[in-house]
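*Asks:* Pulled the feature table from Swiss-Prot, pasting it below:
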- Lys14: N6-acetyllysine (MOD_RES)
- Lys77: N6-acetyllysine (MOD_RES)
- Lys80: N6-acetyllysine (MOD_RES)
- Cys135-Cys162: disulfide bond (DISULFID)
- Lys164: ubiquitin cross-link (CROSSLNK)
- Lys164: SUMO2 cross-link (CROSSLNK)
- Lys248: N6-acetyllysine (MOD_RES)
- Lys254: SUMO2 cross-link (CROSSLNK)
Amino acid sequence: MFEARLVQGSILKKVLEALKDLINEACWDISSGGVNLQSMDSSHVSLVQLTLRSEGFDTYRCDRNLAMGVNLTSMSKILKCAGNEDIITLRAEDNADTLALVFEAPNQEKVSDYEMKLMDLDVEQLGIPEQEYSCVVKMPSGEFARICRDLSHIGDAVVISCAKDGVKFSASGELGNGNIKLSQTSNVDKEEEAVTIEMNEPVQLTFALRYLNFFTKATPLSPTVTLSMSTDVPLVVEYKISDMGHLKYYLAPKIEDEEGS
């Protein structure tokens, strides 16, 4: 039996909004430690890794490990039926072919319950190696979303250049080019408004904006985002989920000679 209750049900709604446009279906690995999801996107370009630790839920019970194949579009449709203030409970029997979702309005006068059919998914787990990064940039998540959106009007790809004093985002296309530079902030009262850069060596990498704009759908989950970069390894875009986990996206850099791709 698996049962998890989340008083702040809006977190689950935001997680599904952040996943559904990138991944159609995925396996939710449920264990006593929490809920994990790892999946390549539909076109096998990027990788998504979600962790929701059991202690972040208000009550959590998992008698034995489960692997639930979920159609994320379907789950997103059901979660749209939950109000932002609703308490959400997920429930499944040990070898069930459905997942129950129960939404309780905070005033307790309305309870909705839905059953979603699960899928049989054949999933290969990819090992994500631990990695030291040359450059780690932490910045307001809304700012990153805006930069990606603005530069996608200029070109298809963004060059991210990271140096000690700041990080620069550049794009070029038929209409011209655009550059946005953020300097490290020294004294900001609110931590979530700061730009911090930890740099071992400078990095300059190119990424497809189409995917970064998918990743920024996770912006409502966290006031800050962390970008971790090294030459020749995938960029990691990480959104912390309050005190219960994280959502990480991995995207390989574009090789310079891939013109027109």
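Sequential numbering from 1, following the chain as shown.
Heads up, the Cβ atoms here are built off N, Cα and C, so glycines get one too.
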*Asks:* I need the CA-to-CA distance for the residue listed as 'ubiquitin cross-link' versus Lys254 (SUMO2 cross-link), whole Å please.
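*Replies:* A Cα-Cα distance of 23 Å.
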*Asks:* Taking only the recorded positions Lys14, Cys135, Lys254, which one has a CA atom nearest to the CA atom of Lys80 (N6-acetyllysine)?
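*Replies:* Going through Lys14, Cys135, Lys254 one by one, the closest to Lys80 (N6-acetyllysine) is Lys14.
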*Asks:* I'm trying to understand the geometry here, so how far is the Cα atom of Cys162 (disulfide bond) from the Cα atom of Lys248 (N6-acetyllysine), in Å to the nearest whole number?
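*Replies:* Counting only the Cα atoms, the answer is 20 Å.
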*Asks:* Could you state the CA-to-CA distance between Lys248 (N6-acetyllysine) and Lys254 (SUMO2 cross-link) to the nearest Å?
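*Replies:* With the alpha carbons as reference points, the distance is 19 Å.
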*Asks:* Identify which of the recorded positions Lys77, Lys80, Lys248, Lys254 has its Cβ surrounded by the largest number of other Cβ atoms within 10 Å, counting every protein chain shown.
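*Replies:* Its Cβ has the most other Cβ atoms within 10 Å: Lys248.
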*Asks:* Among the recorded positions listed here (Lys14, Lys164), identify the one with the smallest other-Cβ count within 10 Å.
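*Replies:* It is Lys164 that, of the recorded positions Lys14, Lys164, has the fewest other Cβ atoms within 10 Å.
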*Asks:* By CA distance, which of the recorded positions (Lys14, Cys135, Lys254) lies nearest to Lys77 (N6-acetyllysine)?
*Replies:* Lys14
